[in-house]
Amino acid sequence: VSSVITESIFNDLLKHRNDAGCKAKGFYSYDAFIAAANAFPGFGTTGDLTSQKRELAAFFGQTSHETTGGWPTAPDGPYAWGYCFKEEQGNPPGEYCQASSQWPCASGKRYYGRGPVQISWNYNYGPAGKAVGFDGINNPDIVANDATVSFKTAVWFWMTAQSPKPSCHNVMAGGWGPSGSDTAAGRAAGYGVVTNIINGGLECGKGSDSRQEDRIGFYKRYCDILGVSYGSNLDCNSQKPFGFAAQSQPRLIKTVV
């Protein structure tokens, strides 16, 4: 991954992350990102160079939307302002606790959005911690205090399929193709399916949506920086969300707005 995302490119992608107006100033480091990337074989290294660049542009595009500090007239444009936040904005953030025998919420702990992908809910902190190597139930705060752990939760989410959804990685690396039911639901391989995976219940199948347009804006900027074409099917305007059961569940992550 470091051969595609050099430190110089990382700083260009996330140009204003350390500005005084960004609450996560000084948190998201290049070394932390590379350490997290290296912990997940296949991330950003699958397929040809075009596929690798598109996957990394997609990863940063989606996570930049989740952590954006940009606004329409921001210096260098709104899409130069990813990674301004490491915790969900709101006063106070919600608890995001769902009754679970496997991942019961710990007293006094809150599972609101943290890190690049703004991981939320006890049922995500638990398995993320198990995979990455921290106690997600009893120590969710580490995601906002340890940059490497923070990036690892984002890459873990990216690489992990949650039925009936494929993983974001498999979609962008070319390993996923639509089934008959996917085609009937308007889902086709491309960046739009990744948005569907992350927040389809709120953003997809409703025509143009400002949130997914923001995700696309970041993705295009990053593809341009990496010198790769965007591919097809960038939006999910006409896509139905994955699975009615998934729609009835609380969303996986919480967007910073």
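In case you wondered, yes, glycine gets a Cβ from its N, Cα and C as well.
Nobody curates TrEMBL annotations by hand; they come from automatic prediction.
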CYS168, CYS204 - which one TrEMBL pairs with CYS236 by disulfide: CYS204
TrEMBL annotation, disulfide partner among CYS84, CYS105 for CYS97: CYS105
Quick test of reading the record: TrEMBL lists a disulfide for CYS84. Which of CYS22, CYS168 is on the other end? CYS22
For CYS204 (disulfide bond) and CYS105 (disulfide bond), the CA-to-CA distance in whole Å is 30
As a quick check of your reading of DSSP, tell me how many residues in the domain 'Glycoside hydrolase family 19 catalytic' (22-44) are helical, how many are strand and how many are coil. 9 helix, 0 strand, 14 coil
Tell me the Cβ contacts of CYS22 (disulfide bond) under 8 Å, same chain only and six or more apart in sequence, or just say none. HIS16, GLY69, TRP81, TYR83, CYS84, PHE85
Counting across all protein chains, other CB atoms within 10 angstroms of the CB of GLU66 (active site, proton donor) number 27
Integer Cα-Cα distance in angstrom, GLU66 (active site, proton donor) to CYS236 (disulfide bond): 17
Which whole number is the mean pLDDT over the domain 'Glycoside hydrolase family 19 catalytic' (22-44)? 98
